Structures are given as structure tokens and as C-alpha cells.
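A single structure is presented below for examination.
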Amino acid sequence: MPLSRLSLIAATLTTALLASTSSQADVDKAIEYRQDALGVMAWQIGPLGDMAQGKIDYDAETFARRAENLAAVAPLPWEGFVEGSLRGDDHGVDTDALADIAEDWEDFESRQQTLIEETATLAELARGDDFAAMRRQVATVADTCKGCHDNYRAE
């Protein structure tokens with residue numbers, strides 16, 4: 001085999017290997033990104049739930065700040081759900097996000113939008129003084145999270 005043909009084959013294989021490594025690195029970054037964003041959401045909602053359940057004292061300023069933070073972060077994780085980043089989609093990634101997401105993307109997007117809207121409602125309520133309404137809205141947000149986890153997250 002002439003050297004130039006061998007060089008062409010080697011270059012092609014190297015390019016293919018780098019492309020697959022790059023795309024796997026992108027998938028890994030997407031998974032890390034969405035997990036980090038979801039972790040920030042959990043960090044914010046934890047004390048809100050504790051206040052709503054009476055586990056810790058209600059503090060209006062803390063509640064409002066955390067509700068605002070939660071609403072600000074709610075739109076962020078979803079861009080991290082990229083092709084090849086789901087469990088069971090034959091890409092072999094380590095994640096709790098099920099391939100069912102891709103199979104019913106419309107429902108997943110609808111649930112994203114619902115979460116964004118419900119967290120915005122919570123932030124709006126937190127600017128007022130109706131703690132009973134805030135408590136109900138925390139439960140609504142938590143139920144929205146749970147609904148998505150029940151359908152699209154591995155146990």
C-alpha cells in the first residue's frame with residue numbers, strides 16, 4: 001500500500017476517533033450541566049419545603065430569595081438533555097435520565113414549561129404575605145418535579 005494511501009487511512013481513523021471522543025465529551029458535559037442545574041434547584045427548594053412543612057421557621061426574606069432563585073434556574077437544565085445523554089438510548093452513559101424522554105419529547109417539554117410557570121408563580125406569591133398560598137404553591141412545584149421524576153428518572 002502506498003504511503004499516501006496509508007496516511008489517508010490513518011488521518012481518517014484519527015479524525016473519526018477524535019470526533020467520537022469529542023461528542024462523548026460533549027454528552028458528558030451536557031449530563032454534568034443538567035445535573036448541576038437540577039442540584040441548584042434542589043438546593044433552593046429544600047428550605048422552601050422545610051418552611052412550608054413547618055420543619056424550620058418561616059422567614060419571608062429567605063423564602064422570597066429562594067423562590068426567586070428557583071424561578072430563575074428553572075429554565076436552565078433542559079438544554080442538557082441532548083441526544084446520547086439518556087439511560088437506555090444505546091449510548092452507554094451513566095445517568096438516571098431515561099430514554100423515555102426522547103420517546104415522548106412533547107410531554108417532557110410540556111412538563112418543563114409547567115415547572116417554569118409554577119416556579120414563577122411561587123416567586124410571585126413569595127413577594128406577598130399569604131403564607132398559606134405559598135405553602136400550597138411549594139406543594140404544587142414539588143408535585144410537578146415528582147411527576148417528571150416518576151416518568152423519566154430511573155429509581
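Residue 1 is the first one shown; counting continues down the chain.
Quick reminder: no glycine exception, Cβ is built from N, Cα and C everywhere.
The feature heme c binding site is assigned by TrEMBL to Cys145, Cys148, His149. The annotation signal peptide is assigned in TrEMBL to 1-25.
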Taking the recorded heme c site as Cys145, Cys148, His149, identify the other residues of that chain whose CB atom sits within 8 Å of the mean position of the site's CB atoms, giving them in sequence order.
Arg111, Leu115, Thr144, Lys146, Gly147, Asp150, Asn151, Tyr152, Arg153
In the three-state scheme derived from DSSP, which category covers Cys148 (heme c binding site)?
helix
When you measure from the Cβ of Cys145 (heme c binding site), which residues in the chain that are at least 6 apart have a Cβ under 8 Å away?
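Spatial neighbours, sequence-distant, of Cys145 (heme c binding site): Ile45, Leu115.
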Counting across all protein chains present, how many other Cβ atoms fall within 10 Å of the Cβ of His149 (heme c binding site)?
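Other Cβ atoms within 10 Å of His149 (heme c binding site): 12.
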